[in-house]
Ligand code: HEC
């Protein structure tokens with residue numbers, strides 16, 4: 001019995017090692033359906049080095065980057081503030097600067113990207129229609145920058 005547990009543990013570790021050496025990339029899934037997001041729908045020009053880095057690490061390389069945050073703010077004002085409010089305080093759509101999420105995945109960069117790219121319910125349509133994947137990372141950096149929630153719940157920093 002004990003030996004068997006050891007064996008399955010070892011097998012799991014081997015499997016993890018195999019996966020991480022074969023493919024470092026993350027898999028992006030739709031927030032509602034769980035289906036893999038098809039990045040071939042993405043607007044041209046978004047497959048930048050920073051986006052490639054995000055696809056490797058699952059971390060937004062623009063977080064904390066003052067210039068990127070500024071650009072993200074202006075994109076946010078164009079494409080998101082009408083529904084989410086100028087300070088992401090919530091309007092037609094929920095607030096994005098606090099630590100309550102309808103979809104808890106939004107506390108991670110991968111989760112937030114998935115909701116932006118693939119959309120969620122109702123008025124929250126897929127944003128790939130309007131923004132490139134690189135632009136989405138800029139918007140995300142702005143949203144993280146204006147975060148007013150509990151720092152302990154900021155999973156993207158972990
Ligand atoms: C036409 C209005 C509209 C626009 C434009 C819009 N949203 Fe939304 N958004 C919504 C609504 C409504 C919801 C709630 C959907 C749901 O609960 O499934 C939502 C949900 C979200 C969520 C999930 C929040 C949570 O609590 O889990 C995020 C993140 C989000 N939007 C970010 C954005 C960003 C960033 C943009 C701009 C790129 C944007 N939205 C543009 C209306 C909009």
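The backbone N, Cα and C atoms fix where each Cβ goes, glycine too.
Here is what TrEMBL says about this protein:
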type	residues	note
BINDING	80, 83, 84	heme c binding site
DOMAIN	67-147	domain 'Cytochrome c'
SIGNAL	1-24	signal peptide
(Q) Centre the Cβ atoms of 80, 83, 84, go out 8 Å, and tell me which other residues of that chain have a Cβ in range of the heme c site. (A) 76, 79, 81, 82, 85, 88, 91, 92, 93, 96
Q. To what whole number does the mean pLDDT across the domain 'Cytochrome c' (67-147) round?
A. 97
Q: List the helix, strand and coil residue totals of the domain 'Cytochrome c' (67-147) as derived from DSSP.
A: 47 helix, 0 strand, 34 coil
Q: Would you please pick out, from the binding-site residues 80, 83, the one with the fewest other Cβ atoms within 10 Å of its Cβ?
A: 83
Q.
Can you tell me how many other Cβ atoms are located within 10 Å of the Cβ belonging to residue 84 (heme c binding site)?
A. 21
